[in-house]
Amino acid sequence: MAAVDLDVQSLPRGGFRCCLCHVTTANRPSLDAHLGGRKHRHLVELRATRKAQGLRSVFVSGFPRDVDSAQLTQYFQAFGPVASVVMDKDKGVFAIVEMGDVGTREAVLSQPQHTLGGHRLRVRPREQKEFQSPASKSPKGAAPDSHQLTKALAEAPDVGAQMVKLVGLRELSEAERQLRNLVVALMQEVFTEFFPGCVVHPFGSSINSFDVHGCDLDLFLDLGDLEESQPAPKAPESPSLDSALASPLDPQALACTPASPPDSQPPSPQDSEALDFETPSSSLAPQTPDSALASETLASPQSLPPASPLQEDRGEGDLGKALELAEALSGEKTEGVAMLELVGSILRGCVPGVYRVQTVPSARRPVVKFCHRPSGLHGDVSLSNRLALHNSRFLSLCSELDGRVRPLVYTLRCWAQGRGLSGSGPLLSNYALTLLVIYFLQTRDPPVLPTVSQLTQKAGEGEQVEVDGWDCSFPRDASGLEPSTNKEPLSSLLAQFFSCVSCWDLRGSLLSLREGQALPVAGDLPSNRWEGLRLGPMNLQDPFDLSHNVAANVTSRVAGRLQNSCQAAANYCRSLQYQRRSSRGRDWGLLPLLQPSSPSSLLSATPIPLPPAPFTQLTAALAQVLREALGCHIEQGTKRLRSDRGGPEESPQGGTSKRLKLDGEEKSCEEGREEQQGYIRDHSEDGVEEMVVEVGEMVQDWVQSPGRPGEPPQMLREQLATGEEGQSGHAALAEQGPKGPEAAREGSQGETGRGVSLSSVSWRCALWHRVWQGRRRARRRLQQQTKERGRGSAGTAEWLAVEAQVTRELRGLSSAAQRPEAEPLLTFVASASQVNQTLTVTPIQDSQGLFPDLHHFLQVFLPQALRNL
């Protein structure tokens, strides 16, 4: 327990942080779940193992360079069993010898003098260093919030200059690109020995013009037709001698570094006797903009992933062993898996400086992952990913066609990372986000980029390519294409992107880069666009493989959070803080957009799905649950109306005087929403509230629609088909005051009589007690008392009374709760939307950081409560 207490740190605003795993939890139950989880237990066991190994190990130096691990093992076995010997393979100046037990180690240290081959050995205890987690990566959603980056962007004259500056801070330096070329040349030389005629092609971030510091090195090993005798092609041209000498990495280090043993790992950087490379190096920056401010040189041993320093030396690999392994594998596994294993064996035994080789045959595109020790690069090799090579070249062509593409993509990638929208699992990949930006630029008026179909028609004779049955033809030279006539500034394009994505129908349409338009999912389309395509909450078609939805992994929650975050950003982009440089030294332009989101702001963008029911009944029940079951004081509310009659409507993107009006923005968004959804969707309530949390804007009215300053919030009438709810004569509890729901119903009936029905409802709620903590225990106790009194099963009214009683008990009152005079514990806005039948909860005042716990409780409690009502 003492060790656990040392690993756990209590946070000043509530919650706990596990210093071992670098994980933050909101409460004690979440902490207990983490401490009992696989990741934490694995690191605890690994730390104990490393400590035990250190107590059994000695540091040995002074032996000749030709001494190998077998000779050291034989010498130290005179004192007792030897568990392992790890040699310094780069210089051969020291070794770490792990004895079988602590007693044997003490016997070694008690020997006054050690001699091997006429040389006196220096033997001393291995220095113990503090354990560091092997997975000490930067946290998810890390954003460029360093003082240096803030200063660099704040000094730019306008938003466009900030975006260009961000590209310079994030992209690879020339030395880093040269280093990657050297690694590719090394791979080409080795693989040619096994597969004459093969070609190693880099793809992905390394060549698509959107590279960042520390990005992986993706390689495609093109084996061609190995059955035919072909002359071996020349390896990729290595950099000239002058350029190689100018590089911070001596090219001889790549060619002369001894091959790493299978699965071997370098000594841990926790040791003071860490390896010292002959080449000058410093840390390669990770994939965050902060890294651009560091030195643009090579990785130091301290920046490499930690590994166990006690690995048995298995000797040098050679070509014969790799071929023997390939022969053995070919009889046991399929041809594809056997070839993948052979590539892994070649990387382990024959490529200098490569370690941590892992084959992943179960991936969508099977790969072999590896790490390269001298350069600090991580990468993978694939055998059947020719399509990705053409995708990378297509992205590079797009960046060459217009100089605004790269700043826009870099900015939006950085923004999405800070909002927790991009990454692995159910999040958007960088590739999907880049394609989303390109599709947006194709749909401008006039277009910034041509469609894939237009590029295919302009492909020359030598540029006609077909891969796996898909047409990948497009010009390779951007200079032969006409430039775009669209001259909009970067700041305007960024604001338009946020506004348009927030109103696109991501589920009901397929965003096609080949056609440059949104194709309705329910329509009849040619089979070549649909065969094998997996639809989901977000549908974004690959430009060449038309059966691949690059956003198929995105969940409905992430898609909703993407659109809510875009709407919040669009609202901010209409403010003066975005448009003009602050004279008071405040963050302006891109800086508020790139700040990392707090857990509360991420949750506020996550909608809570509501059960299917007529919207007016649903909102009435929702207000009843908030007020009576949970004891929320509803201070005020707003409603949004929709007109059952047609007619001209003012664009939600409009406004005068102090609001920025984006040319072309209203037209594209309005037309897209009317064509794809049949109605106009507005998120301005949610967006304003999110920017209150994320940007810190001072908003006097807690909810307002775009309109003229000083005027009351404008009621946006949304054009919808007349539905069942619009004729029911009930609007849900807007404008609630002391009179309760009756007053709200009266007002809504009058408006319904004028042909207007409700579209969304919002309430401002205040809580003075933590009514979500201990609720299950209190409910169980009340249910037990009810059974003892002989009462039957509870109906709707009885259920509501029980929940109200639970709330009163949690508040420590015996009668109906009355509002205390102290400040509320938590204030939030609950906004119900009829568009997607969801509820968005946004914190307004949360001094103790309780909103994540409340939001987690509401996600489970509210849908169940509404079903009971």
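For all residues, glycine too, the Cβ spot is worked out from N, Cα and C.
Since this is a predicted model, take the numbers as computed values, not measurements.
Swiss-Prot has this to say about the protein:
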BINDING   Ser205, Asn391  ATP binding site
BINDING   Asp216, Asp218  Mg(2+) binding site
BINDING   Asp216, Asp218, Asn391, Arg413, Tyr431, His548  UTP binding site
COMPBIAS  637-648  compositional bias 'Basic and acidic residues'
COMPBIAS  660-686  compositional bias 'Basic and acidic residues'
DOMAIN    56-128  domain 'RRM'
DOMAIN    490-548  domain 'PAP-associated'
REGION    111-147  region 'Disordered'
REGION    252-315  region 'Disordered'
REGION    597-869  region 'KA1'
REGION    637-686  region 'Disordered'
REGION    720-755  region 'Disordered'
ZN_FING   16-46  zinc finger
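Annotated features taken from Swiss-Prot, shown on the structure.
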residue: Ser205; record: ATP binding site; contacts (Cβ under 8 Å, 6+ apart): Asp211, Val212, Cys215, Asp216, Asp218, Asn430
residue: Asn391; record: ATP binding site; contacts (Cβ under 8 Å, 6+ apart): Phe203, Asn208, Tyr431, Asp542, Pro543, Phe544
residue: Arg413; record: UTP binding site; contacts (Cβ under 8 Å, 6+ apart): Phe210, Ser422, Asn430, Leu433, Thr434
residue: His548; record: UTP binding site; contacts (Cβ under 8 Å, 6+ apart): Gly532, Leu533, Gln541, Asp542
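Secondary structure at His548 (UTP binding site), taken from DSSP and collapsed to helix, strand or coil, is coil. Mapped onto three states, the DSSP output places Asp218 (Mg(2+) binding site) in strand.
Per DSSP, the secondary structure of the domain 'RRM' (56-128) breaks down as 17 helix, 27 strand, 29 coil.
Look at Ser205 (ATP binding site): DSSP puts it in a helix. Just so you know, of the binding-site residues Asp216, Asp218, the Cβ with the fewest other Cβ atoms around it within 10 Å is the one at Asp216. Remark: secondary structure over the zinc finger (16-46) totals 17 helix, 6 strand, 8 coil, with classes taken from DSSP. Classification of Arg413 (UTP binding site) by DSSP places it within a helix. Largest CA to CA distance in the UTP binding set (Asp216, Asp218, Asn391, Arg413, Tyr431, His548): 23 Å, whole number. Other Cβ atoms within 10 Å of the Cβ of Tyr431 (UTP binding site), summed over all protein chains shown, number 20. According to DSSP, Asn391 (ATP binding site) sits within a helical segment.
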